[in-house]
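Record features (Swiss-Prot):
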type     : residues : note
CARBOHYD : Asn28    : N-linked glycosylation site
CARBOHYD : Asn96    : N-linked glycosylation site
CARBOHYD : Asn118   : N-linked glycosylation site
CARBOHYD : Asn144   : N-linked glycosylation site
CARBOHYD : Asn199   : N-linked glycosylation site
CARBOHYD : Asn285   : N-linked glycosylation site
CARBOHYD : Asn532   : N-linked glycosylation site
CARBOHYD : Asn638   : N-linked glycosylation site
SIGNAL   : 1-21     : signal peptide
Amino acid sequence: MFLPSRKALAFLACLASHSVALLTTSENSTHFNLANDRFSIALAKSNGHIVDVQLDGQDLLGPVDGNAGKGPYLDCSCIPSGFWTPGSGAHLELINGTDSTGTAYGGLYMSATYAGTNQTLSQWFFLRGEETGLHAFSRVTYFNETTPSLRSLGELRTLFRPSTDLWTHFSTSDGNYGPKPLGSNSGLVVQDATTYIGNVTDDPYVSQYSDYFTKYTLAESWRNHDVHGLFSDGSSSSDGSTFGAWLVHNTVETYYGGPLHSDLVVDGIVYNYLVSGHHGAPTPNLTHGFDRTWGPQFYYFNRGDSETTLADLRADAAKYADPEWNAEFYDSIADHIPNFTPSTGRTTFKGKVSLPKGAKRPIIVLSEDGQDFQLNVFNTESLQYWAEIDKSGSFSIPRVVEGTYRITIYADEIFGWFIQDHVKVLKSQSKDYSFTWKEESAGKEIWRIGIPDKSSGEYLHGYAPDTSKPLQPEQHRIYWGKYDYPADFPEGINFHVGKSDPSQDLNYIHWAFFPSQGNHLRTEPYYDNVNNWTVTFDLTADQLHNTNTATFTVQIAGAKTANGNAKWTPVEGKYSNLPWTVNVNGRYESTWVIPYWRSGSCGVRSAVSCQNIEQKFAFPSKNLQEGKNEFVLSLPFNASSTETALLPDALYVQARVMGSRLDPARPAPNPLVNSNLGFGRDNPIMEFSNNRIIT
């Protein structure tokens, strides 16, 4: 077995040792150690952190430098003053055992209590048999009757944070990868956590990927996410071998936000964000009695020869993104992990869905009963699962914890959601489950703009590739200030249905004004023709004949109100709740007030899909006319927020889809009435993704 030379003390003078087959655990006065024939780690007792990770003799971390050269380790934004990195003075344990398959395992346990509040963070890492990775679980508890409500759990994450020059590339998904930037700390800061490095022309990141670097460029949506990490191309390894360091989503049940959640995954650090408010995600409150465990996830390390590519090592890691993988092992260690449910309390949830005609990429979600899965942070026992529905309508989700859930089904090209509460998932269920989804309808659809896909990516600067760089990342990933709105739309948005092109003639963000704050390319805000979008369309006399009601539906993929990312308390100011107004031919007007708890940074943080909600405006069809009709969609002029960091102060929404329908043979509604379409306990937020009109 290879013994690390740099930290050989960790493996010398062992006070205790346990070995079965090829796995060895040991302890001395300064370190705990886990090792097999290829892979070894050492945890320093002085700080409670892993300080050495080696694969086949190659140091994967580098020297300790502050919190760099460590990991994986746990930290949080959870104490009254902000961030806390537990470990120093923590309770530490070395765990040994053999699982039900006869395979040896070793584990490291760290638990630390913040004395001022009595909140505890705990972390487990397990090494099993000949595997070259660590199984990770994290736990947070808060018990304090004196202060029953402490604050929000703003962030909880584990980090593999190397200091070595070994790692040369990042990989967030199959389609998004590139060389690590060399000089991101020495460029021009253009907004919070965003740097211009385009003048560093010899930086491979600049020449191949982008002139701007922000960790938000390297975020991913959870729906189809399997693995992310760092790659070494062999240019700096000891023998020319290639290496990978990966975080594998082998389970997703203890994350929040369902398949629409997105988060940071890698920059120079391989993250596992268990909780965050990024992209407007809600976070749980730490109240007396809070007790939750996250995991398992798998930190995996692999090696190839000099010809092995990033894609090869990534594909190897992705094989483990399977909730059924290592189930026997997780059952065997369940007694070590509070709140974790072994296989005896799990079952397979399977069945068939009758889908609306035209449904594409349908998905079924199991989540907290009675709650929008995007807001499933209130119950510490909340779990979530999802699966793609195949062409026959069939689905199967393995290893679901028995309980009562909400079912949510949605699909591209279909407006709305199918929602059913109080669905019991039990081992005793002998028959497959069956659901029938009928698309929401209000008359005959007259037009539709965009794709109902829960994102604003089809519009200008969305999913389209940035062809100015060889790796061609999606445009929305790049710093928003690169795209000058006045240059793109000098006359504002004037979209005519049937003639205009959504990919060119609608922006991925609807601004209240175009900001200069956080925009190094513009010294003054721009206000002309920004907050009002005009959509025109033609109607014939036949289309209007014998109709009473028109319905305008808008679905949005995110919104920023003056509340910013603050979720549960409205900030002082005019636009904590953001009004978005529709005017029809100057004859009808109605306002949708987007509530503060749906607010979040989305587009300015390189995203096109965040909190999703929708709205229906119903009005008498007599407000429409034969020939040209005009909708004006308005945010308040100059609506802004107060920013404590260098961030844009303009408020905005991002539309997914819009559409219009005409409905015959119904009485006309009250012209001042509109309806919010949400789910669970509320329904607000805004970032456009698709809109339609029905008449």
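Residue positions begin at 1 at the first shown residue.
Just so it is clear, glycine is given a Cβ too, placed from its N, Cα and C backbone atoms.
When the C-alpha distances from Asn118 (N-linked glycosylation site) to the glycosylation sites Asn144, Asn199, Asn638 are tabulated, the minimum falls on Asn144.
Spacing of Asn285 (N-linked glycosylation site) relative to Asn96 (N-linked glycosylation site) is 35 Å (Cα to Cα, whole number). Each of the glycosylation sites Asn96, Asn118, Asn199, Asn285, Asn638 was scored by the other Cβ atoms within 10 Å of its Cβ; the lowest score goes to Asn199. Reported as a whole number, the C-alpha separation between Asn96 (N-linked glycosylation site) and Asn638 (N-linked glycosylation site) equals 62 Å. In terms of C-alpha distance, the listed glycosylation sites Asn28, Asn199, Asn532, Asn638 place Asn28 closest to Asn144 (N-linked glycosylation site). Within 10 Å of the C-beta atom of Asn532 (N-linked glycosylation site) sit 16 other C-beta atoms, taking all shown protein chains into account.
The Cβ neighbour count for Asn28 (N-linked glycosylation site), using a 10 Å radius and every protein chain shown, is 18. Proximity to Asn199 (N-linked glycosylation site), defined by a C-alpha to C-alpha distance within 10 angstroms, is shown by none of the glycosylation sites Asn28, Asn532, Asn638. For Asn144 (N-linked glycosylation site), the number of other Cβ atoms no farther than 10 Å from its own Cβ, over all displayed protein chains, is 17. Each residue contributes its Cα atom, and for Asn638 (N-linked glycosylation site) and Asn28 (N-linked glycosylation site) those atoms are 64 Å apart.
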